[in-house]
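What TrEMBL lists as transmembrane segment is 12-36, 56-77, 89-109, 192-215. Taken from TrEMBL, the feature disulfide bond applies to CYS145-CYS178, CYS146-CYS162.
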Amino acid sequence: MALNCGLSTIKYVLFVFNLLCSLCGIALVVIGGVSLAKIADLQDISDEHSIVAPSILFIVLGSIVFVIAFFGCCGAIRESYCMTTTYGFFLMVLIIAQIVVAALVFIYVGDAKAAFQKGFVRLFEERDRPQNAELIDTIQSNLQCCGKNSVLDWLGNTPQSCCKAGTAPLCVPFTTGCQARLGEFIDTAGDVLGWVSLGVAAVELIGLIAACCLANGIRNQERRYA
């Protein structure tokens, strides 16, 4: 079935758009994977919040975006009304889900920040335990911080994880405390996850509009030639 010039343009625009959406899906998986690798060690700080949940959710959403985008490419090229409308429906559900995820991230990031800062204080007070000491070393090395508020919290027993790289045999400690650095990290991670989710949803909204226009055009063409 030959589409008119306008619908043919929408068809190929939708095809290219879905290729871009596939890349967005891959980007979400990469962002989720990288953030998961960086923050997995922090989960033991607090039992109240799951700091890895947003990262896992991004990996899942990215995978779904990729699959739906592939479905949209097939629907556009084959000029299938059924596939295009199905693609539009799932894309709409996905957009709503991403907006909800972003809203939840923005709403609860403050609570998560307070919980993990409180958890680190408790962890630091029990630093004599081997497992706690190992976790504190990991946090200090990864976040480039030292002590709760400063190196003075170590009372002269500064661990190597507090020292800046390349300063051996002397120890030049990080100047920022881990409580503040942890809060900054969670704020930044929340902003990145939330705004990336909204940005991808905005891009997908364009695809949804194009899919609706194409599906409507295909249906009208089918009626005309019926």
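From the backbone N, Cα and C atoms, a Cβ is placed for every residue, glycine too.
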Test of understanding: give the count of other CB atoms lying within 10 angstroms of the CB of CYS162 (disulfide bond).
24
Residues of the parent chain within Cβ reach of the transmembrane segment (89-109), under 8 Å, 6 or more residues beyond its termini:
49, 54, 57, 61, 64-65, 68, 71-72, 186-187, 190, 193-195, 197-198, 200-201, 204-205, 207-208, 211
Measuring Cα to Cα, tell me the gap between CYS146 (disulfide bond) and CYS178 (disulfide bond) in whole angstrom.
6
List the Cα distance (Å, whole number) between CYS145 (disulfide bond) and CYS162 (disulfide bond).
6
Number of Cβ atoms other than its own within 10 Å, given for CYS145 (disulfide bond):
27
Pop the Cα-Cα gap between CYS162 (disulfide bond) and CYS178 (disulfide bond) into the table, whole Å please.
10
